[in-house]
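Chemist: Quick one: the structure is below, questions incoming.
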Ligand code: PMP
């Protein structure tokens, strides 16, 4: 069987082995055409079919209503931090932002370059261990949109609810939890996600945007960052990240075969219950996040004594449990358990954690 390690990387993250095998089988000769997907014109019938199928599969997976455009863009989620205000925030307008960690902070700091930003709520008051309830938010009267991050990849803080903002378009960074469970797209004005966690390889960011929000870009908005131009050109105003888009399509096919986002929700719940359950039982490992805000995708945890961190990581590595080191800004450990990380990986991690605790605890 496979010699592949269990990869707990936060991103670029583990991809389903079946997807990689399929890509490998098709690498030199895609479906008898005698060339690789990487070598095809993005305007060729073959590639357009690949791109359209990927979009349709994503639409099926998330039941995306027909009045939403799906864009396959470049520049990562970080470029969206600027692209969103350039497209949606009028020069004299105000946008509301909810700050729950490093990524939502980065997005609002970038947005400040383009206009008036109101920080409607911040998890700082809770040391980033909990999400302020909506009754604590100070929303603007006429916000152009409200932005939040549904899952903070570094802090391990995730919304298990969708904000209620009436007619104000809800804009969400779902980079690290899209496709991990069912989602009511119609609640949102715009959803964006860097691909390299639950979608595919890096080089791609997926934007799902309600049609009435197109065509509002500022005059200074660069052509390449204008959603309407991207939408009108089928995300091919310029050469798209063709291979990343193709591989993401293979991931969508794989997801459908697994039973879609409903099946992922079940699997992801079992994984996070196992890991948090063990951490909570143990006196050696801790996770400080409020139970209802704990991320299903990124589980940060600390050892009782940080001097043991190095031995823990070395022991994990030796067992093929890779990339458990926490983000450099917070230290400790972090296990990212996206869709492609199976229950067997989490079982292997918990077995190792148990063994390490017995030895060192
Ligand atoms: N938002 C979130 C929630 C993320 O986790 C990341 C990347 N880890 C980003 C934004 C930035 O993504 P990118 O590197 O694609 O710009």
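Just so you know, glycine gets a Cβ as well, placed from its N, Cα and C.
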Chemist: Given that TrEMBL annotates 77, 78, 103, 153, 196, 238, 239 as binding pyridoxal 5'-phosphate, state which candidate in 57, 60, 173 belongs to that site as well.
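Modeler: When TrEMBL describes the pyridoxal 5'-phosphate site, the candidate it includes is 173.
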Chemist: Under DSSP, is residue 197 (N6-(pyridoxal phosphate)lysine) part of a helix or a strand, or is it coil?
Modeler: coil
Chemist: Tell me which recorded positions (78, 197, 238) have a Cβ under 6 A from ligand 1; sequence order is fine.
Modeler: 78
Chemist: Express the distance between the Cα positions of residue 196 (pyridoxal 5'-phosphate binding site) and residue 43 (L-glutamate binding site) as a whole number of Å.
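Modeler: Each residue's Cα considered, residue 196 (pyridoxal 5'-phosphate binding site) and residue 43 (L-glutamate binding site) end up 25 Å apart.
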Chemist: Give me the CA-CA distance between residue 173 (pyridoxal 5'-phosphate binding site) and residue 43 (L-glutamate binding site), in Å, as a whole number.
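Modeler: A Cα-Cα distance of 30 Å.
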Chemist: Whose Cβ, among the binding-site residues 78, 153, 196, has more other Cβ atoms within 10 Å than any of the rest?
Modeler: 153
Chemist: Mean pLDDT, the domain 'Aminotransferase class V' (6-349)?
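Modeler: Mean model confidence (pLDDT) across the domain 'Aminotransferase class V' (6-349) is 97.
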Chemist: Among the recorded positions 43, 197, which residue has its Cβ surrounded by the fewest other Cβ atoms within 10 Å?
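Modeler: Minimum Cβ neighbour count within 10 Å, taken over the recorded positions 43, 197, occurs at 43.
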